[in-house]
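One structure below.
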Amino acid sequence: MEYRSVYRLMAYLFFAYSTMTIVMSYIPLYFQADGLSGNQVGILMAIGPFATIIAQPFWGYMSDKYKTIKRMIIISACGVVVATFSFMFMSQFYGYLVMMFILFLFLSPLTALGDSLSQKTATLKSVSFGRIRMWGSLGFATTSLLTGYVLLVIGVDRLMIPMLIMATLALIMALSIKDVKGTNKPVTIISALKIGLDRKLMLFLLFVVFISITHRANDSYLGLYIVDLGGVESLIGWAWFIGVSAEALVFATSPLWFKKWQPLTFVTVAGFIYSIRWLLMGLATAPWMILPLQLAHGITFGMFYIAGFQFVNKLIPEHLQATGHVLFITTFFGLSGIFGSLFGGWMIDGFGLEALYYCLAVSALVGAVGLMVFKSMNDPTPTIAK
């Protein structure tokens, strides 16, 4: 049973990302149903990424320092279960503000550390990172679809019930996963800070932000856009199911295409496709038109994420890889989530969702051009000094 630990990790990722999809796909509707404005929803959706910026580097550093990702995942999963249960007793804007911050202190490392452990496990077991990570995408897709139908029956105001179930299952699976032994080289605050001061990594992340802001804004407001176009909650589930199923397919087939070009080339190409995707989204006039466009999610996010992850992996020394992985994920989901949510909320109130997607197309184009210039000015991938 040499690969039993891989299968358990796959199951963990399935339920961890199932928990995440309920927040990303449906919690804006949960807030809107309680009478909150677009700006208030934007602020609440930005609080999660703000907590992520604080939480993920901390959990990544602690994982490297104590050389255990599993223990940090278990602590995080316990925190998510408690926070989700507590969410049921909150109401009004300021109560939600506090709970979103607490929830994301524990929810964000649940998937980030899972991805880091997947990368380490893939290297140890000589299997594809994409084929492990695709189970997170399958969990995301399946749960987003099923939750849409569940909410039609129980109502969006009971959103925390399916979320609590998935968080509990993620905790149960976290207890069974296996750590990957790290190097014996000690990790200090100074060595961790060297990563954040590396010029090449920082320039890469700067251009990534222009693209990832657009991704995170869409995460926050896709459901509202579908409803604005006349769709129902179950259609939101189908949109996420199609998009993340395509993403899982890209992850699963990554060994076939990934080695054809350098990781940075794939990241740049994905950026240009993002721009085209948002332009077409802005041109949509009916909710069903969103569904075929969601197929592009697999190409954009799937290609962008796996290639970006591998690019960072080559830059970071082994004993600091959890910290480096989490820094990339924090930039993609944390920093970008704040800007994307706040800007999106402001755009929705002032100009509407259609105008928001046109702005996202421009931002993604700027990031893609920046990455193209960045690639032309840099050698393949020298590693950060150890």
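Start at 1 and count along the chain as shown; that gives each residue its number.
Glycine is treated like the rest: Cβ placed from N, Cα and C.
Fair warning: this is a prediction, and the values are worked out from it, not measured in the lab.
According to TrEMBL, the feature domain 'Major facilitator superfamily associated' maps to 8-358.
Annotated transmembrane segment per TrEMBL: 12-31 (among others), in sequence order. Here the transmembrane segment (12-31) has long-range neighbours at 40-41, 44-45, 48, 73, 77, 80, 96, 103, 107, 110-111, 114, 118, 132-133, 135-144, 147-148, 151, 156-157, 159, 162-163, 166-167, 169-170, 173-174, 176-177, 219-224, 227, 233, 236-237, 240, 244, meaning same-chain residues at least 6 beyond its ends whose C-beta is under 8 angstroms from one of its own.
TrEMBL lists 43-61 (among others) with the feature transmembrane segment. Proximity of distant same-chain residues to the transmembrane segment (43-61), defined by a Cβ-Cβ separation under 8 Å and at least 6 residues beyond the stretch ends, is recorded for 23, 27-28, 31, 36, 72, 76, 93, 96-97, 100-109, 112-113, 116, 187, 189, 192, 216, 220, 322-327, 329-330, 333-342, 344-345.
Residues or ranges marked as transmembrane segment in TrEMBL: 73-90 (among others).
Here TrEMBL flags 96-114 (among others) as transmembrane segment. Long-range neighbours of the transmembrane segment (96-114) within the same chain, counting only residues 6 or more positions beyond its ends whose Cβ lies under 8 Å from a Cβ of the stretch, are 9, 12-13, 16-17, 19-20, 23, 31, 36, 43-44, 47-52, 54-56, 59-60, 63, 69, 72-73, 75-80, 83-84, 86-87, 90, 136, 170, 322, 325-326, 329-330, 333-334.
Per TrEMBL, the feature transmembrane segment maps to 135-154 (among others). Sequence-remote contacts of a segment are chain residues at least 6 beyond its ends whose Cβ falls under 8 Å from one of its Cβ atoms, and for the transmembrane segment (135-154) they are 10-11, 13-18, 20-22, 25-26, 111, 114-115, 161-162, 166, 232-238, 240-245, 247-248, 251, 302.
Summarising the annotation, TrEMBL assigns transmembrane segment to 160-180 (among others). Outside the transmembrane segment (160-180) by six or more residues, the chain places 5, 8-9, 11-12, 14-16, 18-19, 22-23, 68-71, 73-74, 77-78, 80-81, 84-85, 87-88, 110, 117, 120-121, 124, 143, 147, 150, 154 with a CB less than 8 A from a CB of the stretch.
Residues 49, 195, 264, 267, 270-271, 274, 278, 281, 300-301, 304, 308, 311-312, 315, 327-328, 331-333, 335-337, 339-341, 343-344, 356-357, 360-361, 363-364, 366-368, 370-371, 374, 384 of the same chain, all 6+ positions outside the transmembrane segment (201-218), place their C-beta atoms under 8 angstroms from a C-beta of that stretch. According to TrEMBL, the transmembrane segment annotation covers 201-218 (among others).
Sequence annotations record features per position, and here TrEMBL assigns transmembrane segment to 238-258 (among others). Away from its own ends, the transmembrane segment (238-258) comes close to residues 21, 25, 128-131, 133-135, 137-138, 140-142, 144-145, 148, 222, 226, 266, 290-291, 294-299, 301-303, 306-307, 310 of its chain (Cβ-Cβ under 8 Å, at least six residues beyond either end).
Annotation source TrEMBL lists transmembrane segment at 265-289 (among others). Tertiary neighbourhood of the transmembrane segment (265-289): same-chain residues 208, 211, 214-215, 218, 225-226, 229-231, 235, 258, 296-297, 299-301, 303-304, 306-308, 311, 354-358, 360-362, 364-365, 367-368, 371-372, 375, selected by CB-CB distance under 8 Å and a gap of 6+ residues from either end.
The transmembrane segment annotation in TrEMBL covers 295-312 (among others).
The list of residues near the transmembrane segment (324-343) in space but at least 6 beyond its ends in sequence, with Cβ under 8 angstroms from a Cβ of it, reads 42-43, 45-46, 48-50, 52-53, 56-57, 59-60, 108-109, 111-113, 115-116, 119, 195-196, 201, 205, 208-209, 212-220, 305, 308-309, 312-313, 315-316, 359. Positions annotated as transmembrane segment by TrEMBL: 324-343 (among others).
As annotated by TrEMBL, transmembrane segment applies to 355-374 (among others).
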